[in-house]
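Lifted from Swiss-Prot, the feature list:
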- 364-497: disulfide bond (DISULFID)
- 386-534: disulfide bond (DISULFID)
- 50-105: domain 'VWFC 1' (DOMAIN)
- 108-163: domain 'VWFC 2' (DOMAIN)
- 164-225: domain 'VWFC 3' (DOMAIN)
- 238-289: domain 'VWFC 4' (DOMAIN)
- 299-358: domain 'VWFC 5' (DOMAIN)
- 362-535: domain 'VWFD' (DOMAIN)
- 629-682: domain 'TIL' (DOMAIN)
- 30: N-linked glycosylation site (CARBOHYD)
- 116: N-linked glycosylation site (CARBOHYD)
- 255: N-linked glycosylation site (CARBOHYD)
- 318: N-linked glycosylation site (CARBOHYD)
- 441: N-linked glycosylation site (CARBOHYD)
- 1-39: signal peptide (SIGNAL)
């Protein structure tokens with residue numbers, strides 16, 4: 001897509017640097033979406049003229065930008081700006097060539113032809129050799145046939161033999177129909193001419209480091225997580241994983257694969273053992289053989305409820321790798337490379353069998369009055385009192401998830417606080433409310449709660465929601481919210497938490513897709529429209545950090561001074577506390593009498609230190625635990641679903657409602673007007 005704009009002259013005199021153009025001072029109009037009519041209202045001069053129709057013009061400071069090209073059109077200088085297309089979400093390696101305007105997904109060059117990523121092809125000269133391009137890597141391998149009968153038929157011009165009939169495992173398949181035998185997602189069979197032909201999928205070699213790859217559910221081959229962005233390398237060099245290889249350089253990828261850098265494309269050839277030596281103990285590539293062994297000679301291994309053929313390998317429990325060797329299962333422990341620390345931007349992940357350095361997840365924090373710290377590290381304050389989109393997936397029209405926050409003023413004119421958090425995931429709505437109350441689709445629930453798509457539990461003093469979509473939400477039951485986004489969501493999110501692309505300068509992109517220069521305009525653009533009345537009295541401006549009496553200021557600084565104490569000192573050199581200190585003072589200056597408003601800033605700073613692997617000595621349970629219920633109630637993750645009140649305390653009968661998490665009156669007390677009291681103190685009926 002091209003955007004056109006004209007070039008105007010402030011003074012009409014010959015331009016010495018650009019022949020044929022009658023101006024020396026040039027201004028671009030309509031570069032940033034400014035309407036031409038509006039721009040012309042405050043600019044004077046005339047459109048720059050030129051002589052040679054159709055000539056491409058070089059204009060200093062304008063055409064230096066590779067996205068802008070100026071031509072002589074109708075005797076006037078007309079410039080066009082290229083608008084870059086959005087790259088596919090499946091693109092794992094985006095490159096930008098020097099002098100080019102737009103990024104593109106890294107493809108492959110092979111034998112003089114160019115191929116897009118994910119493209120597979122075979123040539124007439126080598127019909128049984130499969131080639132596939134995946135982000136700058138061409139994987140060459142033989143077509144791997146799977147034969148399940150004693151009398152397979154060979155066909156001229158076909159790579160794989162076929163077996164008679166289209167009945168497999170008792171199921172009759174139609175002509176042309178494809179299926180996966182035994183639920184094996186790596187083998188595809190098809191019914192062709194009344195016979196069955198089966199092929200094993202060959203996984204392409206990936207360009208990303210191993211720790212950035214994963215195998216999606218229901219698929220055979222791994223894919224790269226997220227998207228890496230690099231400049232195209234000169235001299236035909238290749239980027240493979242985290243290393244750069246010179247043009248012509250070769251290396252052994254594994255026992256079965258040799259890779260060579262050829263003109264910026266890494267060509268990896270997988271060798272396959274001949275069927276006659278498949279049973280050789282020295283053959284390291286036996287699992288890559290064509291399975292042309294008669295069924296009675298095929299040795300299989302049963303492991304649990306699964307059947308594995310000879311040579312197949314699989315991961316087992318307790319970090320073991322198992323293999324089927326001549327009908328016997330052999331297992332050994334995975335050998336881990338010791339890792340003690342990670343480079344900047346990486347975090348040590350100990351969740352798997354072996355500790356590895358992985359990309360840090362994005363973290364967005366909301367706390368206090370409220371203060372927002374985006375995924376990319378931009379900090380701002382916003383005191384709106386409605387419901388807003390904190391984050392959602394903007395990479396698809398129908399967002400698979402979104403997180404909403406609802407704010408209220410809590411009887412103040414200048415500030416607001418986060419009152420509740422709402423996670424909308426598919427057909428489920430999870431509400432995290434005050435005092436750690438949890439509702440699922442409107443009903444209060446007990447903890448822990450497990451579903452196929454999310455898990456909710458109390459983690460210390462925080463309520464934690466973990467989703468399969470890659471989001472993790474922590475809530476303290478008061479006004480602290482932390483959203484953690486997995487690296488594969490990078491560049492896909494939007495909302496008050498920003499777009500998570502690694503650059504905080506463009507975090508203020510509003511709900512209409514336009515950049516906002518004012519924080520309030522940005523935040524209001526993410527307001528959720530509803531019929532609920534959410535306005536408050538006219539907002540009182542706050543010209544300084546802390547308005548109020550001397551007593552209020554002294555209390556604010558006295559409480560917030562603890563951030564500078566020995567409890568947090570071990571973290572000061574790694575995480576700057578000044579922003580948290582200012583937020584703390586702001587919160588304390590209009591803090592309700594019954595609240596410890598410094599807690600949110602302390603908690604936010606503690607979490608930031610913990611993410612850097614630094615332990616601080618501050619314990620929120622001592623003075624800030626949100627689980628400390630008020631008016632005699634106690635917190636229970638599975639309290640009674642039937643509430644005892646002054647009206648029903650002496651009724652006898654079982655409670656058929658499920659237990660729920662939240663604040664409950666102890667067994668010897670009843671609830672009356674929001675307080676837990678003894679039954680004898682109930683008013684006379």
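Cβ coordinates come from backbone N, Cα and C, glycine included.
Cβ neighbours within 10 Å of residue 255 (N-linked glycosylation site), excluding its own Cβ and spanning all shown chains: 10. Residue 497 (disulfide bond) is surrounded by 29 other CB atoms, counting those within 10 A of its CB over all protein chains shown. Using CA atoms as reference points, the recorded positions 116, 318, 386, 441, 497 were checked against residue 255 (N-linked glycosylation site), and the closest is 318. Put simply, residue 386 (disulfide bond) is 19 Å from residue 364 (disulfide bond) when counted between their Cα atoms. DSSP gives residue 364 (disulfide bond) a strand state.
Cα separation, residue 534 (disulfide bond) to residue 497 (disulfide bond), rounded: 21 Å. Note: the domain 'VWFC 2' (108-163) comprises 0 helix, 31 strand, 25 coil (DSSP; helix = H, G, I, strand = E, B). In the shown protein chains, 16 other C-beta atoms lie within 10 A of the C-beta of residue 534 (disulfide bond).
Secondary structure at residue 318 (N-linked glycosylation site), as computed by DSSP, is coil.
Counted within 10 Å of its Cβ, the other Cβ atoms near residue 116 (N-linked glycosylation site) come to 12, all protein chains included.
Considering only the recorded positions 116, 318, 386, 441, residue 497 (disulfide bond) has 386 as its nearest partner by CA-CA distance.
Across the domain 'VWFC 1' (50-105), DSSP classifies residues as 0 helix, 21 strand, 35 coil.
Under the DSSP three-state reduction, residue 386 (disulfide bond) is assigned to coil, being neither helix nor strand. Among the glycosylation sites listed (116, 318, 441), 441 has its Cα nearest to the Cα of residue 386 (disulfide bond). Mapped onto DSSP classes, the domain 'TIL' (629-682) shows 3 helix, 18 strand, 33 coil. DSSP assigns residue 497 (disulfide bond) to coil in the three-state reduction, outside any helix or strand. The Cβ neighbour count for residue 318 (N-linked glycosylation site), using a 10 Å radius and every protein chain shown, is 8.
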